[in-house]
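Asks: Encoded as structure tokens, here's the structure I'll be asking about.
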Ligand code: NAD
Ligand code: MG
């Protein structure tokens, strides 16, 4: 896409949302904010809307709308305020916007991401849970409606950069020619070297203290358990039409190599850079051109060495569970993601010990395996399956911490 882009940033108050606004503000000649959305933190949303000149904001309900009005400075013209989940999907498909940054956390971001794809937008996809829950539906929407899909997750953005592609972002139906494997790197999170027996009393603050990346709380916990890498394996499967056996995970504690593509001739291409999400975001916004992102230079001499090792699935059971779910099919992936969201939320609210997170996922996958299989051809089918898995997972979370 060349020329001026009007952008809807869905989930603008989050970590990815803020980084996106930072990159957009660096390029007023070619990028402008059209719409912003947030689920809470209305003061922050008002401040962002004012600074970016957004024409539209989307808030979850009337109470949030009131808080937004209260936070809005007098004498400044108000943006249009839209309310509710359907307004979110409508805004993603709005003819007045060209590009949608899908940066809502969790499966809650699926309907709006899908609406953007169905409206043929340039979709910058940070919301990996949307692909995990509805990969085939989402990729078919991209293909059928001529959307342009640019992966923002740093690993997938790295792989996208290392794959051969023309000047447009496609939704492939088979692996790129000549590619043998995709190698996703993972930092290993804050507990990479901890004895699993010591993890029982881990607090949310400890789990969210990521050594390399600054991120939202849910993905920070996912990084500690490596559920995040599991979700990313499923994400890579859908984005690049790559079978499970040809997706490898390597722990790379420095988070400098963001992922790699191995070719049949033995070549391995990698993308390197600082661990700062503004690089993949700028790539998505500028594609196929490169934009300044504000990210500093990578000083490899300062690093001196880069380390790689295979992950230990006994230490990180959530990663193994994600490989299992991918083999079992789309319904199992929905159950895995739903159970993880329920378990992580309970952990963040002190209702579940850290070490129970993989158990809730495993129990929900077992429950799912015993259910009759259902067709998942429509968004409503996916949402119903997601709701059933959430209800089951919630039942295995104690009302108070044990
Ligand atoms: P975050 O928690 O910082 O922000 C989430 C945003 O979503 C907020 O604006 C919030 O208001 C909104 N939101 C939350 N629940 C919602 C709901 N039910 N309905 C509508 N909006 C809702 O999260 P983040 O770290 O920015 O991550 C966003 C997405 O990007 C996630 O899917 C995450 O996995 C992915 N991602 C993040 C990073 C990162 O570095 N932060 C990297 C790669 C991928
Ligand atoms: Mg990632």
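Positions of Cβ are set from backbone N, Cα and C atoms, glycine also.
What you are looking at is a predicted structure, and each value in this text was computed from that prediction instead of being measured.
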Asks: Quick one: which of 80, 232, 245 does TrEMBL put in the Mn(2+) site with 153, 155?
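Replies: Among 80, 232, 245, only 232 appears alongside 153, 155 as Mn(2+)-binding in TrEMBL.
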Asks: In TrEMBL, the 1-deoxy-D-xylulose 5-phosphate site includes 128, 154, 155, 210, 223, 228, 229, 232. Which of 86, 187, 267 does it also list there?
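Replies: The record-listed residue among the candidates is 187.
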Asks: Since TrEMBL lists 13, 14, 15, 16, 127, 129 for NADPH, which candidate among 201, 216, 230 does it give for that site as well?
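Replies: Of 201, 216, 230, 216 joins 13, 14, 15, 16, 127, 129 in the NADPH site that TrEMBL records.
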Asks: State the mean pLDDT for the domain 'DXP reductoisomerase C-terminal' (272-391).
Replies: 97
Asks: Taking residue 128 (1-deoxy-D-xylulose 5-phosphate binding site) as the reference, which of 13, 14, 16, 153, 216 (the binding-site residues) have a CA within 10 A of its CA?
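Replies: Cα filter at 10 Å returns 153.
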Asks: List the same-chain residues at least 6 positions away in sequence whose Cβ sits under 8 Å from the Cβ of residue 129 (NADPH binding site), in sequence order, or say none.
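Replies: Listed in sequence order, they are 105, 106, 107, 109, 110, 231, 337, 341.
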Asks: Just to confirm: which same-chain residues, 6+ apart in sequence, have a Cβ under 8 Å from the Cβ of residue 14 (NADPH binding site)?
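Replies: For residue 14 (NADPH binding site), the qualifying residues are 103, 104, 105, 216.
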